[in-house]
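Pulled from TrEMBL, these are the features on record:
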- 120-237: domain 'Calponin-homology (CH)' (DOMAIN)
- 265-368: domain 'Calponin-homology (CH)' (DOMAIN)
- 390-496: domain 'Calponin-homology (CH)' (DOMAIN)
- 512-620: domain 'Calponin-homology (CH)' (DOMAIN)
- 629-642: compositional bias 'Low complexity' (COMPBIAS)
- 629-650: region 'Disordered' (REGION)
- 662-682: region 'Disordered' (REGION)
- 666-682: compositional bias 'Polar residues' (COMPBIAS)
């Protein structure tokens with residue numbers, strides 16, 4: 001199982017400035033800079049720091065040398081890891097001073113958590129949300145209600161159960177609750193399993209968890225726990241703001257040609273568009289462009305609620321001159337509509353973005369005020385994708401968002417059309433492959449610049465030996481869904497095969513790993529346990545009952561499967577129970593996967609391959625734990641992801657020794673072939 005001790009620093013204050021993921025990444029970089037004597041000197045720091053992403057665009061090596069000298073660092077002496085961390089924080093503060101704005105893009109790109117604060121209003125709101133939605137949960141009700149005036153929320157989050165339950169509230173059935181360890185007192189392994197399950201499941205619903213690790217949750221770090229809870233609740237509240245869930249949203253556009261544009265908007269933008277749609281009908285003159293300053297005076301809320309629920313309106317709301325009093329009347333009006341109170345009057349007046357967004361989303365859920373024009377609704381339903389394409393879109397969208405790139409994908413087919421997001425994803429998977437001098441960053445006004453970006457994506461794909469016959473950059477710009485999905489599948493598969501290749505790079509001379517290798521490994525693992533199940537191919541219909549994958553998971557970690565919970569998989573209901581259980585226990589081990597139970601039940605060839613490869617990657621990674629030269633540099637936060645989103649840039653693969661694809665057998669030497677791609681693209 002995954003380790004849980006983390007990277008420790010003797011100075012508690014210094015350790016508190018970093019997450020475990022960040023410490024692990026920095027420790028790896030520091031260790032790799034040691035000289036033949038096993039030391040790092042202060043004179044090595046400028047070269048090391050200048051290569052780090054937060055500083056590479058702001059400082060030259062000579063500038064870093066001068067800044068460190070001025071701060072009192074003796075450049076002739078050796079330096080330990082803690083000294084390196086202090087130098088890092090010092091340079092961070094210099095960068096912040098130079099930029100002159102703590103909210104700029106530079107600080108968003110840094111890896112430290114120096115500037116974290118806790119918003120007590122948000123904390124109180126999220127506690128109220130948890131108390132409301134989990135009060136009837138059979139296990140959680142013994143700990144509720146949580147007192148928002150204390151740190152009980154963060155203490156309760158330390159076992160991982162609360163966060164897992166909250167994810168299921170946001171997106172029902174994401175986690176099979178049979179896989180959650182729910183004893184009142186958990187041992188460290190069980191706690192670590194819960195957090196691994198939580199983080200991998202959070203990624204699978206769209207949360208960004210790049211800088212959050214298991215140890216951070218075990219320690220109950222307030223700013224990280226609250227940040228994760230905020231994302232989960234936001235996903236829950238915005239879940240219906242799309243045409244698939246609410247086709248009535250098509251009323252927001254005047255022309256059918258604008259429907260595609262609406263489909264490409266982020267949920268927050270759709271919510272603003274919905275709000276302005278009703279404000280315009282109500283006669284409100286000022287457009288609302290954000291959930292902060294534009295709502296501070298409360299007038300927009302008053303107009304919105306008056307048009308949605310005129311039966312509860314009061315002239316006093318607009319007549320009063322005191323913004324706080326108006327905000328209070330707005331909240332009273334909303335309560336009469338049965339809206340949950342996510343914020344206090346002062347939160348409206350102070351312009352709390354997160355709480356205002358939650359409040360507007362709650363109003364939308366209670367009464368969206370949209371018509372049920374059958375003609376328009378039918379057109380909106382026609383515009384949505386078929387189920388299988390929708391599942392693939394979901395999988396690749398979540399996978400891209402898990403990579404830790406700067407862009408966030410809300411609608412895959414719309415957001416990749418400018419080519420920039422694809423370039424970012426490609427560069428994460430094949431580092432250094434993108435020529436950024438020939439790329440154009442959004443917003444892109446000139447169409448040919450989008451084509452240039454996409455042409456470079458195609459060019460790199462061909463260099464990586466993807467199957468891209470008769471595919472041009474303009475196909476992506478035009479939003480060809482089939483070709484976009486085909487490219488992303490090959491990119492995702494390439495990423496996984498490269499990770500597996502890296503794990504045995506030293507022992508097997510970096511031989512290519514193929515689908516046949518993965519199939520052979522899985523069958524051998526199960527066979528070695530004495531079980532008879534075998535997988536003929538990744539489209540073997542016998543896989544639909546889930547038994548083979550349960551036996552494979554049990555083979556790589558015997559204690560992870562509770563066979564009392566496994567069904568025979570004879571009916572569709574039994575197959576779904578098994579499939580849901582498989583996904584959750586795989587995530588509990590540390591597999592970062594994005595498939596749905598239906599993908600197993602229907603034996604979706606692509607997703608079956610990724611599931612098997614993810615289990616293989618985790619298993620091989622565990623077999624190397626004892627041979628790691630620096631165990632603390634890879635300890636547990638979170639369990640290594642198949643996407644490299646732990647900040648370590650796959651560096652762990654370079655440290656593997658004495659590893660072969662069959663955990664001892666060295667006869668798997670099949671070379672990579674184009675047929676693997678072509679078969680799975682059919």
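For all residues, glycine too, the Cβ spot is worked out from N, Cα and C.
The average pLDDT for the domain 'Calponin-homology (CH)' (265-368) in the predicted structure is 91. The stretch in closest packing with the domain 'Calponin-homology (CH)' (512-620), judged by the count of Cβ pairs under 8 Å and taken from 120-237, 265-368, 390-496, is 120-237. In terms of DSSP secondary structure, the domain 'Calponin-homology (CH)' (265-368) contains 70 helix, 0 strand, 34 coil.
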